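Structure, as structure tokens:
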Amino acid sequence: MKIGVPKEIKNNENRVGMTPAGVYELTKNNHEVFVQKDAGFGSGFFDEDYEQVGATVLDTIEEVYTAADMIVKVKEPIAEEYPLIKSHHVVFTYFHFASSEPLTRAMLNSEAVCIAYETVEDEDGSLPLLTPMSEVAGRMAIQQGAKYLEKPIKGRGVLLGGVPGVPPGKVLVLGAGIVGIQAAKMAAGLGAHVTIMDINMKQLRYVNDVMPNHVVTEFSSEFNIRKRIKDHDLIIGGVLIKGAKAPKLITRDMLKDMRPGTVVVDVAVDQGGCMETTKATTHEDPTYIIDDVVHYCVANMPGAVPYTSTLALTNVTLPYVLRLANQGWEVACAKDASLRKGLNIVKGKIVYEEIAQAFNWSVDAM
Ligand SMILES: NC(=O)c1ccc[n+]([C@@H]2O[C@H](COP(=O)([O-])OP(=O)(O)OC[C@H]3O[C@@H](n4cnc5c(N)ncnc54)[C@H](O)[C@@H]3O)[C@@H](O)[C@H]2O)c1
């Protein structure tokens, strides 16, 4: 198969859909790979690295789309990319269709096969191609939170780990899933006092078993959250109710109960956020302040650490890319139930019901 790896053109997106290691595996299996010039540059991979393992480097995005049958990338196509996608293409990437009607219409019109990373689902309901990005975001949340707690950037002026003779800072983590556990682990590593909340007792039991004693679990309820926000310096929002908007656990009136300079990193912003005052921000302008509370609400946190994120993402996507290339999308999806769940749009039809529901469209009418 002919596989194309275009350079990401979304603002501040430095990840790339395939590393030289991935190209190596594909060329070993007799596939041809076309990589756009400088596609890997932001993630630390040079054109020569790709050429050495058998890829052909092409100057323009148009050449890559023209040469390839399957496109492997990271972010959803943006408007400039819509006309490049044709009916013979299989596109394997994050799509998040439910949040963009123009993208959905464009991909329907293209008659391409769109397989979305975010809906590939294992038997136990876990989302293997989303997990590594949650791991990155959870760990990064503490790094960012610690920075914004510094006084010159309007934080409380607290060092999370404290020093001998001075108690450490306090971190409240809402949600003990992938983001929450990684955040708690990082905060605990810095020596902070950590409270982690969830409504799922199984998760809290697991955290209680594996974390050190300065990570305390507490059941998530409005009463408990109201109590804890009064004396915690850094709050991490890592809740998720699958397929739904995040619950608003921190309402506007609660901000006045927090101390000035408290920092909230709402990682759940991509699902609407778990604070009433959350609005999405970018890496260029990541924070805003309401009632003296610093809000960090960047919707694509992993994009800031592309060296790590590209490897974390491609580690999990490559086995699926190989299956799609070796077997073709129809056989690969027929044989693999997890991959089949990734099928969102096939040749002008929505095949993932939740997307049609998001726009109140009838699937049959498509
Ligand atoms: N901003 C970013 O760049 C970025 C990157 C990766 C993930 N995310 C987002 O982070 C969020 C969390 O992702 P995840 O992979 O950790 O999900 P997850 O499913 O692993 O964990 C979510 C946890 O929230 C818990 N929860 C649900 N309702 C709750 C409540 N009322 N109180 C406390 N806990 C509650 C669930 O029981 C679950 O344990 C998602 O919205 C995800 O899309 C954002």
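Glycine is treated like the rest: Cβ placed from N, Cα and C.
TrEMBL lists 4-137 with the feature domain 'Alanine dehydrogenase/pyridine nucleotide transhydrogenase N-terminal'.
In sequence order, Glu8, Gly42, Ser43, Val74, Lys75, Pro302, Gly303, Pro306, Ser309, Thr310, Leu313 make up the list of same-chain residues 6 or more apart from Arg15 (substrate binding site) whose Cβ falls under 8 Å from its Cβ. Under DSSP, Arg15 (substrate binding site) is assigned to coil, being neither helix nor strand in the three-state scheme. Summarising the annotation, TrEMBL assigns substrate binding site to Arg15, Lys75.
Take the CB of His96 (active site, proton donor/acceptor) and look out to 10 A: across all protein chains shown you find 18 other CB atoms. DSSP assigns His96 (active site, proton donor/acceptor) to coil, not to a helix or a strand. If you look up TrEMBL, you'll see His96 (among others) marked as active site, proton donor/acceptor.
Here the Cβ of Ala299 (NAD(+) binding site) has 18 other Cβ atoms within 10 Å, regardless of which shown protein chain they belong to. Under the heading NAD(+) binding site, TrEMBL lists Ser134, Asp198, Ser220, Val239, Leu240, Val267, Ala268, Val269, Asp270, Val298, Ala299, Asn300, Met301.
According to TrEMBL, the feature active site, proton donor/acceptor maps to Asp270 (among others). Under 8 Å, Cβ to Cβ, and six or more positions away along its own chain, Asp270 (NAD(+) binding site) finds His96, Ala280, Ala299, Asn300.
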Within the domain 'Alanine dehydrogenase/pyridine nucleotide transhydrogenase N-terminal' (4-137), count helix residues (DSSP H, G, I), strand residues (E, B) and coil residues, in that order.
54 helix, 21 strand, 59 coil
Restricted to the domain 'Alanine dehydrogenase/pyridine nucleotide transhydrogenase N-terminal' (4-137), the mean pLDDT of the model is 96
Check each residue in the chain of Ala268 (NAD(+) binding site) that is at least six apart in sequence and keep those whose C-beta is under 8 Å from its C-beta; list them in sequence order.
Gly175, Val179, Gly237, Gly238, Val239, Leu240, Ala246, Cys274
Residues satisfying Cβ distance under 8 Å from Met301 (NAD(+) binding site), sequence separation of at least 6
Val136, Ala137, Met140, Ala141, Gln144, Val267
With NAD(+) as the bound species and Ser134, Asp198, Ser220, Val239, Leu240, Val267, Ala268, Val269, Asp270, Val298, Ala299, Asn300, Met301 as its recorded binding residues, calculate the greatest Cα-Cα distance and give it in Å as a whole number.
26
Binding-site residues Arg15, Ser134, Ser220, Ala299: those with Cβ under 6 Å from an atom of ligand 1 are Ser134, Ser220, Ala299
